[in-house]
Amino acid sequence: MIIKVKGQTYFTSKYPNIIIPEKPVPQLILKHIRSKPDQVLLVDGLTFKEYSSHFVADTIEKVACGLNKLNIKKGDVLGVILPNLPEYVPIFHGTLLMGGITSLVNPDYTIEELSHTLATVSPRYLAVTLAVYEKIKNDLKRVFPSVEKVILVDIAGQTLKEIDQLTLSSDGIVMSFNQLINNNGKDYPIVRIDPKKDTAIIPFSSGTTGLFKGVCLSHHNIVSNTYQTQTIETSTYKKNDTVMGILPFFHIYGLMLFLMLMVKQGHRVVVLPKFEPVRFLELIQKYKVAISFIVPPVAIMFAKSPIVDKFDLSSLRTLFSGAAPLSSEVEDLIKERFKGRLVIKQGYGATELSPACFVIPSGLVKSGSAGILLPNQLAKIISPETGENLGMGEKGEICIKGPNVMLGYYNNEKATNEVIDKDGFLKTGDIGYVDEDGYYFIVDRSKELIKCKGFQVPPAELEALLLSHPKVADACVVGLSKGDMGEVPRGFVVIKQNESLTEKELLDWAHPKIANYKHFRGGIFFIPAIPKSATGKLLRKNLKDFNPPKL
């Protein structure tokens with residue numbers, strides 16, 4: 001578990017290294033799906049329509065064939081701006097089958113947010129719902145000048161008529177998903193893919209600070225993390241388990257679980273476009289769901305909400321919480337409510353790690369721990385002050401090396417070199433330690449990143465927004481603890497001299513420009529000056545607990 005190299009301390013996994021196939025994602029996934037052709041793989045949680053493995057595999061190849069007719073080339077980007085839908089699976093894997101890259105973002109993003117994320121990777125194609133298209137159509141050519149075709153995907157048969165009308169009346173840039181897959185699924189070339197070098201997906205992450213950056217993950221990155229996770233999760237799943245697919249597929253946590261691991265293992269996934277507590281619980285009851293992957297706000301519902309008692313949840317065995325830390329108090333409340341019948345598990349990771357690096361093994365829970373190191377990885381704990389490797393039990397920045405570490409940030413070598421050192425270790429930005437049993441503990445989350453409802457909210461993004469207001473001279477944003485939500489943004493603003501501005505005016509101006517979870521639920525305060533270091537760095541910690549009277 002501890003190894004010494006040139007006098008430096010490193011930590012290995014308790015698990016032996018595993019053999020990870022060097023294959024492209026779609027080759028691996030299609031093989032597993034085709035092996036169980038009659039098994040139900042996906043269920044639409046809105047219509048209850050079921051999709052067999054055979055149907056999903058055929059549709060993946062039809063997507064590839066349709067994209068081939070659109071002249072897709074290796075390395076072309078297809079931007080996915082969709083909620084969780086059954087069509088997500090074939091769109092994702094069909095694009096990769098053609099050597100394309102999928103870049104996935106939140107469908108709730110505003111035009112401004114899309115311009116800072118998806119637009120930066122120059123997608124050639126977009127897959128969107130009608131609602132998203134209506135939001136972006138007037139700015140399409142300005143924000144996405146590289147886009148040649150927009151593929152419209154229906155939700156539960158609700159917008160088919162409108163989509164058909166649009167495809168007839170548009171200037172040819174719009175087509176429906178049904179038109180895309182209207183083929184035999186056979187006429188597409190075999191594209192040569194180098195699993196270790198070729199990018200498969202570009203999700204977005206802020207890292208520990210700053211604006212969002214595209215994270216280039218190779219085919220081998222995500223295949224590796226699928227196998228690494230599966231290795232220590234074998235006892236969690238049973239052959240015919242049904243799982244709930246409520247985590248956003250555009251988030252690396254949901255993507256790896258539902259587009260990779262669950263599909264590979266052949267579990268039935270009930271897909272829900274967005275989390276609605278009653279519908280979520282109804283579906284657990286209806287389909288006898290055994291495992292649900294959740295975020296802390298959903299865990300709090302299981303712990304405290306009275307509606308939970310109205311449903312038969314006896315089939316539920318495991319809740320796996322991720323994306324943000326789950327407190328031991330909430331975990332204990334759930335165990336008490338379900339009389340110890342439910343297993344509560346947690347893991348830890350980052351988009352840059354594809355995403356998992358620690359997972360708590362079944363039956364081996366240690367309170368407060370993020371888990372143990374997955375196989376085929378090496379960890380080191382370094383001193384934030386000196387950069388020296390530290391020993392067991394010593395607190396420092398956690399750094400990870402392994403086949404799941406990203407290729408780098410899209411077109412941003414400087415940012416890549418700041419987080420991946422010369423030896424290939426990714427600096428997580430989190431402070432923690434490892435104990436004598438190989439369990440890792442996070443004692444200080446990355447200071448600047450705000451985690452709201454499991455989503456990353458980079459303060460720098462909101463500060464840039466506030467600073468763009470003509471009456472704002474300076475701004476700083478911090479996270480405020482807010483119970484079920486985790487943290488919410490709180491703004492501090494310096495008004496320009498001889499100008500006047502109210503909190504309501506600033507909120508009314510800012511909120512339409514950002515996704516709902518980024519709203520300033522912690523309020524905005526006006527102060528004389530923003531505290532800064534001698535080098536001009538924002539001293540957020542000085543404002544973290546500062547609570548001045550509002551003007």
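Backbone N, Cα and C define each Cβ position, glycine as well.
Feature annotations, courtesy of Swiss-Prot:
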BINDING   Ser205, Ser206, Gly207, Thr208, Thr209, Lys213, Gln346, Gly347, Thr351, Asp430, Arg445, Lys537  ATP binding site
BINDING   Tyr253, Ala323, Gln346, Gly347, Thr351, Lys447, Lys451  (E)-4-coumaroyl-AMP binding site
BINDING   Lys274, Lys453, Gly454  CoA binding site
REGION    276-346  region 'SBD1'
REGION    347-409  region 'SBD2'
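Considering only the binding-site residues Ser205, Lys274, Lys453, Gly454, the residue whose Cα is spatially closest to the Cα of Gly347 ((E)-4-coumaroyl-AMP binding site) is Gly454. According to DSSP, the secondary structure content of the region 'SBD1' (276-346) in residues is 35 helix, 12 strand, 24 coil. Excluding the listed site residues Lys274, Lys453, Gly454, the same chain places Pro248, Phe275, Val295, Pro297, Phe455, Tyr517 with Cβ atoms within 8 Å of the centre of the CoA site Cβ atoms. Cα proximity to Lys453 (CoA binding site) (within 10 Å) is found for the following binding-site residues from Tyr253, Ala323, Thr351: Ala323. Comparing the binding-site residues Lys274, Lys451 on other C-beta atoms within 10 angstroms of each C-beta gives the minimum for Lys274. Ala323 ((E)-4-coumaroyl-AMP binding site) sits 9 Å from Gln346 (ATP binding site), taking the CA atoms of both as reference points. Within the set Lys274, Lys453, Gly454 that the record links to CoA, no two Cα atoms are more than 14 Å apart, and one pair reaches that distance.
In sequence order, Phe320, Ser321, Gly322, Pro325, Leu326, Ile360, Ala370, Gly371 are the residues of the chain that are 6 or more apart from Gln346 (ATP binding site) and have a CB within less than 8 Å of its CB. Across the structure, Gly454 (CoA binding site) and Tyr253 ((E)-4-coumaroyl-AMP binding site) place their CA atoms 10 angstrom apart.
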